[in-house]
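Taking it in order: structure first as structure tokens, then the write-up.
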Ligand SMILES: Nc1ncnc2c1ncn2[C@@H]1O[C@H](COP(=O)(O)OP(=O)(O)O)[C@@H](O)[C@H]1O
Ligand SMILES: Nc1ccn([C@H]2C[C@H](O)[C@@H](COP(=O)(O)OP(=O)(O)O)O2)c(=O)n1
């Protein structure tokens, strides 16, 4: 076993709102600990991409559910190179467009879709447990619905201001007033829509809150590593 790897198949669950840093922090934690990494938001984005690709109106709840049940999705869980493939096509970039970001809540609030993707997420996590690789899974309902039995459960938060500024820098390369305004729908409206079906603003019992508002990325990764260590013990 390489230095930094944990001695057992640890499951770390991280939830939080858009721009709280889930994806980058979860990847950093997975890399530091030698664990696999599952971006469950990417699965909802891939489902949205697939439905639009098949010309299915997202308001057609049953048709969307049927498409997602048959979704030929393969998630690559290496935190150094996470991949998302649909029917053999690498959709890693296509699922991050503004079009998908604006549309994804319509799919994520479809309860039959949540049941199907939740089932697939549990299967990925169970495989990581069985094979001994361990995993960091992040999203909106991992600590509460998908893996409430995870060894470590973290709610990653950040102020609205910090989240808008981060997304503006990421998408527009600046966090000036116009860029923040242009990002508002993608972050706040989407979180409000998503909140109608999952709770990711308040930590459930046993879930540790990490507030990243005043931390940089490296400090936030370290804060989550500290939580992992406090629960499963120091790395060998
Ligand atoms: N603690 C942090 N401090 C500053 N920037 C951060 C922090 N965490 C994440 N970021 C940056 O903010 C942006 C959004 O992070 P991301 O991981 O995509 O968040 P989420 O998955 O929660 O939407 C990225 O550009 C990322 O590098
Ligand atoms: N476990 C999850 C993960 C994501 N979602 C939804 C919520 C979001 O609108 C979309 C996309 O999630 P993603 O984590 O990629 O979004 P952000 O990077 O936080 O902006 O999927 C969900 O409902 N449940």
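Note that Cβ sites are derived from N, Cα and C of the backbone, with glycine treated the same way.
Marked as ATP binding site by TrEMBL: 16, 17, 18, 19, 20, 21, 22, 23, 24. The secondary structure of residue 16 (ATP binding site), as reduced to three states from DSSP, is coil rather than helix or strand.
Across the domain 'Cytidylate kinase' (12-229), the model assigns an average pLDDT of 96. Per TrEMBL, domain 'Cytidylate kinase' is recorded for 12-229.
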Annotated binding-site residues 18, 20, 24, filtered by Cβ under 6 Å to ligand 2: 18
Distant-in-sequence Cβ neighbours of residue 20 (ATP binding site), under 8 Å, six or more positions away: 156, 157, 158, 163, 212
18, 24 as binding-site residues, winner by CB count within 10 A: 18
Sorted by sequence, non-16, 17, 18, 19, 20, 21, 22, 23, 24 residues with Cβ within 8 Å of centre, ATP: 25, 156, 158, 163
Chain-internal residues near residue 16 (ATP binding site), provided their CB is under 8 angstroms and they sit 6+ positions away: 22, 138, 140, 155, 156, 157, 158, 200
